[in-house]
């Protein structure tokens, strides 16, 4: 009976007829979250949060634990899949004006911040060379905060340098944050269904709706199958494709890597941080690169919701997408010309997208006499 009720609930959930594949990434994110929780639990069972044993415990998981290599690779590559899906999900929201559903957008941006924090803490756990130095660089940014900076950094580290207490608390945070993500995801979905999904046209969907099941369930299953095939192909044939070679060496505080860089999904934020020569300015720009998403629902001036019928805004959006990729590319390069100049121009263009959004909306209204 409960099974029938669940099916009936999905059957009665009305969805716009014309929503495209770009609306499938929400369910894919839910699948990624489930995968991360399951693999993460099995990894946590065998992991040791100690600076002398952490690196060895990862080697032990991959070599000695039955299917440990698969768990470790699924967890690491699953994180990359998670970020691919969330960036596409956000891009869809930007393009089709989904951010006008304010509560859903604000809860989603908070989810992104929590996800980035969780991924950062997780990257430190293997205690490889890049893990250690990435943690050193990013946590050191707290010292840029006037008056409180040094105290906050010491408090976060649990001492006067990154050491055993730092790793222990990072493991605790990496374990607890996903439960917050689950709670907020539930709220995100609840808030979404208060109003219902938007559609590519940006019009009111009430006039033409179909049941979620079987139409959208099959559509979701297709995309989930494609994602699973991609994930298992990478895990089986290219497990180290996203790994940094430096992270195969145990952390050594006495040797600095030639080029410190985070995982690929943080490169855009790291590129913006590096493009500003001032420490406090860089730290503020880093935070603002994410927080600026919160401004979108309040700066939308166009009478049209979606960018589908806004050619100027489409051009701006695709320029923004290219800018995102350029910043990510420059963040992998050393801090020297011409990369410094390119990253500074790209960082400026990144923020210009959000500034130009209300201006373009106003301009389009004038041209179309809306």
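Cβ from N, Cα, C; glycine included.
Here Swiss-Prot gives transmembrane segment for one range in the set 4-24, 25-45: that range is 25-45. Range annotated as transmembrane segment by Swiss-Prot, chosen from 249-269, 312-332: 312-332. Of all the binding-site residues listed (75, 89, 174, 188, 193), 193 has the fewest other CB atoms within 10 A of its CB. Of the candidate ranges 170-190, 218-238, 280-300, 339-358, 218-238 contributes the most Cβ pairs within a distance under 8 Å of the transmembrane segment (69-90).
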